[in-house]
Ligand code: HEM
């Protein structure tokens, strides 16, 4: 090859690489690719002022159809934010190349009301297309569910991006079991910088909603492999649960997580003090650890203290983020086609 030809070839290769790099970086820069965005109150007030109202009305309609949907929607925040941050990874359906979180151990046959988030997203997209993330819709809807159930009000921080993938493995590894004891829960929450007060206050979300017999039969009949029930249960309450959940009965039958399962109040803590907690992971906060017991006792006699701590906990939970590429999904159940392309390009480099 002549020197001139060699030089031309080198120039062509460099130009090709430079063009590829620009093509690769441009969409990323335009998309503000990293999910660990700066969150703030009023994030959409300039660009989509209707967003908060639209989400709240969607939750209100869902509750009118099915009062339990408030609890189910609120739970989504916990299950989304604990697994790689609040990025709506929870909402992604499985694909041939990715096992999503919907079928993880804690979520399968248990998480519900995904369609409420879909409905909110569709309504928000009609008002302002391509602006509001599914991750932020979860956070707004969870807050609205609490408010509309009689709980405290607060302003949410917004500005999250939606993830480009999900991880069933991470969900299986992180989400706590209903069998968990207090000290393991304290440790788990510490990993997320959440204190004992945060743990107890956030568990107070079980003030609304239902649990399945599947989640409690072991404590009714074979606590810790003893062949005996959990000793920390009021016998009359246990009798009631035995009727609801007989041995070899239907695991999908549900019972209230507290005595007032559609009202967000401090009844849950009163129940724990009376040893009427539904889940083992609830009762253990009173019966299993002196540090958590003190907080349960305080909240059982002071609803305002519970509400204040709950709001703090929800804000901290909503702050959980990891550095990863993100986007505003069009449909909460799947990544945008363009991102799939970007993802493919990224793996080629
Ligand atoms: C502390 C550790 C926690 C454990 C072990 C736990 C576990 C559970 C379990 C086993 C159920 C019932 C699921 C079923 O039987 O299908 C449930 C329901 C629920 N959880 Fe938790 N949870 C915890 C913390 C939280 C937190 C932090 C929140 C929200 C901030 C939350 C919100 C809810 C709600 C609202 C329900 C009722 C959902 C419905 O009725 O559809 N949980 N949880």
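A Cβ is built for glycine as well, from the same backbone N, Cα and C atoms used for every other residue.
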Original post:
Taking 57, 101 as the options, which does TrEMBL list with 80, 83, 85, 87, 89 at the Ca(2+) 1 site?
Top reply: 101
Original post:
Across all chains shown, how many C-beta atoms besides its own are within 10 angstroms of the C-beta of residue 260 (Ca(2+) 2 binding site)?
Top reply: 18
Original post:
Of the recorded positions listed here (48, 79, 128, 213), which is spatially closest to residue 101 (Ca(2+) 1 binding site) when Cα positions are compared?
Top reply: 79
Subject >> 10 Å Cα neighbourhood of residue 89 (Ca(2+) 1 binding site): matching recorded positions from 75, 176, 260 >> reply: none
Original post:
What does DSSP assign residue 128 (disulfide bond), in three states?
Top reply: coil
Original post:
Can you tell which of the recorded positions (81, 83, 134, 245) has the fewest other C-beta atoms within 10 angstroms of its C-beta?
Top reply: 245
